[in-house]
Structures are given as structure tokens and as C-alpha cells.
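Since the structure comes first, as C-alpha cells, the remarks are kept for the end.
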Amino acid sequence: SLFPLSLLFFLAAAYPGVGSALGRRTKRAQSPKGSPLAPSGTSVPFWVRMSPEFVAVQPGKSVQLNCSNSCPQPQNSSLRTPLRQGKTLRGPGWVSYQLLDVRAWSSLAHCLVTCAGKTRWATSRITAYKPPHSVILEPPVLKGRKYTLRCHVTQVFPVGYLVVTLRHGSRVIYSESLERFTGLDLANVTLTYEFAAGPRDFWQPVICHARLNLDGLVVRNSSAPITLMLAWSSAPTALASVSIAALVGILLTVGAAYLCKCLAMKSQA
């Protein structure tokens, strides 16, 4: 009937708060489930970034890292790293950190930013390494039936992540990992290997390869190729000379005895 409807309009006109309350209830009833309004104390979403995320330097050098964030009013910003820290510069939305005397081959730096009670972080990896200054393969030296191969890798760091490989033609004849070395200074490495060469091994190049494996970063350097030449050793040559001289002496003795025998037979005739 029209009476309840007219009464509703009358109440809304006489008491404006009733109409607004009814409107709020209607909107609340129509709102989808699982999407309540966020309380006023919820943390503000923000991001944290480090630049650069990966940096490689020579041992003993310094590094500058920049930590930026999108927090309107950060409560705190700090850097956690085992490396020694230097000067820190700050600006709106960023902090610049200086790391001194980097010597560990791989280190992490974490930048932590707290915003509205929530902490986020970003990470940079710092690698200290020195690629081999040179890789030198000495000319092979023949001793008996084996060639002595000697390879020099100079001024390399870290030695513990160095792999030295000798390649003859298309095949690897020797490879050694130097992971037992844990020094924190530049070093020179010499690898010596004896190679028994067969007839098919001559006239093929020998190359020494140096490789640093740094958790995904691979640094390579190689020597100039040296061809394995056929050579005579002094000991076999001397032995052959003695054998030939002995054979000649035997032949001369036999020949002289035969000649004397022939002459004796002729004189008797």
C-alpha cells in the first residue's frame, strides 16, 4: 500500500540521519565479500633497489653502491655487509654507501629500508678478481720419450678459483683446479706436466688455457700455440752411435779373419 512508502519518505525528510544510515547500509550490503576497507594502520607499499646489482673490481679498490626507495617518509635505512664501509651520502629517496678495500672475491651488501613499520631490502654482489695478466707456454723439452710442458699464469686472483688446462690438438691432456689455494693476493702459477707423445701426436699444437670460475662469471685467457715437433734425444743418439761402431768393428774382424783364411788356402794350393 502507499502508507508504508509515504511513512518512509516522511521519516527521511524529518530525520536526515536516518536516510544516510539507510544509504550506508544499502551500500555495505551491496559491496562484494572479501574486499573490506583497509584499516588506517596498514603499511604503505614501497620498493627498494640497489644499483649496481653486480660489480667487479680489482683487489683493494673501493665500490660505490646506491640504495633507492619509494617510501614517502622512511623511518630507517641501513647497509649490512662484511666489507668495510666508508662515507655515506643521503638524499630524498636514496642513500649512497662507500665500501673500502674490497679483497674478498665475493661479498654481499644488503640495503634495508623501514617504511610505516615494514622493512624491505635489496642486495648487491661485489666480486674482486684479477684476470690473468699473461699465459705463457714454454717450448716443450724432450726427456727420454716424454715431453715436459711448462705453463706460467701470471698475476691472477683469486687463485683458488683458477683452472689450468693443457690441450693438445682437439683433446685435453691435463687439467688442474687450484682450489686448495686460499691466498688473498695476486699470484703467479706454474704448471708442469710430462706428456708421452706418440707418432700421431707430432705436428699438432699445444695450448695452455687459464679459466677463472666466479659463480657464473667466467674469465678466460690462453697462451700462444706451440707445435709439438719430432726431435731426437741425446741419449738414444749416443746409444745408436755406440751400436754402429760395435757393428762395424765386428764386421771388420770377421772380414779380416776371412781374408786370412783365403790367403792361407791359396798358399797351400
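Heads up, the Cβ atoms here are built off N, Cα and C, so glycines get one too.
According to Swiss-Prot, the signal peptide annotation covers 1-20, on the basis of sequence analysis. If you look up Swiss-Prot, you'll see 21-238 marked as topological domain 'Extracellular'. The N-linked glycosylation site annotation in Swiss-Prot covers N66, N76, N188, N221. As annotated by Swiss-Prot, disulfide bond applies to C67-C115, C67-C111, C71-C115, C151-C208, with the evidence given as similarity to another entry. Residues annotated as domain 'Ig-like C2-type 2' in Swiss-Prot: 144-215. Residues or ranges marked as transmembrane segment in Swiss-Prot: 239-259. What Swiss-Prot lists as topological domain 'Cytoplasmic' is 260-269.
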Candidates C111, C151, C208, N221 (recorded positions) with Cα within 10 Å of N66 (N-linked glycosylation site): C111
Residue from C67, C111, C115, N221 whose C-alpha is spatially nearest that of N76 (N-linked glycosylation site), among the recorded positions: C115
C151 (disulfide bond) and N221 (N-linked glycosylation site), distance between Cα atoms, whole Å: 12
Between N188 (N-linked glycosylation site) and C71 (disulfide bond): CA-CA distance (Å): 49
Alpha-carbon spacing, C208 (disulfide bond) to N188 (N-linked glycosylation site), which is rounded to whole Å: 15
Least surrounded among the glycosylation sites, given as N66, N76, N188, N221, when other CB atoms within 10 Å are counted: N76
Those recorded positions of C67, C151, N188 having Cα within 10 angstroms of C111 (disulfide bond): C67
Chain-internal residues, separated by at least six, CB under 8 A from C67 (disulfide bond): V48, R49, M50, S77, L79, W94, V95, S96, Y97, C111, V113, A122
Most crowded position, judged by CB atoms within 10 A, among C71, C115, C208 as disulfide-bonded residues: C208
For the domain 'Ig-like C2-type 2' (144-215), the number of residues DSSP places in helix, strand and coil: 6 helix, 46 strand, 20 coil
Cβ neighbours within the same chain of C151 (disulfide bond) - under 8 Å, at least six residues apart: V135, I136, L137, E138, V164, L166, T190, L191, T192, C208, S223
Residue pair N188 (N-linked glycosylation site), C115 (disulfide bond) - Cα distance, angstrom, rounded: 50
